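Peer 1: One structure, pasted below without further comment.
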């Protein structure tokens, strides 16, 4: 394994609160503190702080985000900060996933249906192989990193290691490649190899642009070259190369034979059990399905849904902890949990949701009981895998605060921007008061966000504001991705002055033009009016120098009090720092990116409005889908995963409408 060092490349030095936050976190890690929390206010440069920490402690790092979009953003940022190190991306490789399920009430079996994204599968292989080759590795993952993977020992042992001068029969190499689930195929794809006389060309599972050309002289490897898969151009000579398995669920032949025996034994026991309960249909179904899978495993070495037999393949006892990405890391690794107030509850909930669905399949003869052991980690198992962990959030939850000896604060923004001022006003006459405030913002060419508690109120308020002559849009959960991006962009361009919504905490709403956030029914305790939600909502006005928040309420709840006091405390710290250093807060300047060039542009609104998707012919729609798919692939290649994900959602919508 290469002992690489992290090299942070950035055009600026840590500023404001960042140097002290970095020093405290690094000191904690060096002293062996297990849990630490970074309380970083919105827009204080938390990613840059964490990058500095990673560079200084020099440990393999796993960064966990709560969805693919955020993971994509973090991956792009970290790749820019660490261009000379291995920054990898590990998220669920399904573009679309319908898990296997059974609905007993209607006797409906839903087969597993999935569309695997080849690009993401490649990146997953690249991530696991990097962990075996070097130490300067950062893997950005979604919560899917706690789902079961194959055994890391098995994965490591089955690596095919080739050196110049090594004695190995050509056919023996081909057999070893087939053992690790490579296919022989003359058309070049990841996870395949092709043979031309004494030359074997291998296309590793972790990349599709390069292939490894192994040249034999008799039974000896004469030379190894890295070749451009497309042009055939030689990119370099290699003395040694390691070919990693094409699947994370690989097993040696003798282990597979043992696993098949154990599966057969479990099948016999389960069939006897079902028949004794008079469940003859379930028994017949289970026998038919399992025998087919066993036949495939004997003949091909794998079967569809092989992960359901992962406990047997790894020869693990019932109920034991499954292997996950965390087991591929060395023991001294570091975990960073981004937006921990959302990510930790997600990690906690994964096991129960998965278990409930699989239990129904087992009860009705679709799967053996051992399938229950192909599962995500429980939260307790996740805790046991932690070596050292840093939770990052603007509003850490009770778990993080309880487990961290002290919270490291990062309150000051490099831009000098302050947390917004807050007013609490009575609900009587609130709408007329709000209209007056909105008009003030319109005159200054600033925007307003209004959050309500119910859908009905949001709709009524939108209609009322429209009647009052205000340019307003309503953002709700049923709005499709394409429209959502378009509405946010139009708000920034000034087509709308106000955005009304229920949940303003979703990503994509950090808009520098917003100087006023109005919170209606602020005194109604609940999920969207808890102290954490209120602080996050207040943060939506923190990117503008005139940021202000109005809470309409008749009483001040405990959550409101905590949120107001916390915001005031942060603002006082920020003001003091600005005064000391002579900093004048300036609104963030953020370019208005044209997210989907092919579908609309502000400059050509007439053309776009003339052809909404519903009015397109089948041919025009197909042409648009082709263009968008090409753009999506380009965006993925350029590592702009946020844009690629948005384009993917739009393509789904267009296909659904067609």
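Each residue, glycine too, has its Cβ placed from N, Cα and C.
Copied straight from Swiss-Prot:
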type: DOMAIN; residues: 27-414; note: domain 'Helicase ATP-binding'
type: BINDING; residues: 40, 41, 42, 43, 44, 45, 46, 47; note: ATP binding site
type: MOTIF; residues: 93-116; note: motif 'Beta-hairpin'
type: DOMAIN; residues: 430-596; note: domain 'Helicase C-terminal'
type: DOMAIN; residues: 622-657; note: domain 'UVR'
Peer 1: Sequence gap of 6 or more, C-beta under 8 Å: which same-chain residues meet both conditions with respect to residue 41 (ATP binding site)?
Peer 2: 394, 410, 411, 413, 419, 539, 542, 570
Peer 1: Please classify the secondary structure at residue 41 (ATP binding site) using three-state DSSP.
Peer 2: coil
Peer 1: For the ATP site given as 40, 41, 42, 43, 44, 45, 46, 47, which other residues of the same chain have their Cβ within 8 Å of the site's Cβ centre?
Peer 2: 49, 394, 410, 413
Peer 1: Go ahead and report the DSSP secondary structure tallies for the domain 'UVR' (622-657): helix first, then strand, then coil.
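Peer 2: The composition, in the requested order, is 33 helix, 0 strand, 3 coil.
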Peer 1: Go through 42, 44, our binding-site residues, and report the one whose Cβ sees the most other Cβ atoms within 10 Å.
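Peer 2: Selected residue: 44.
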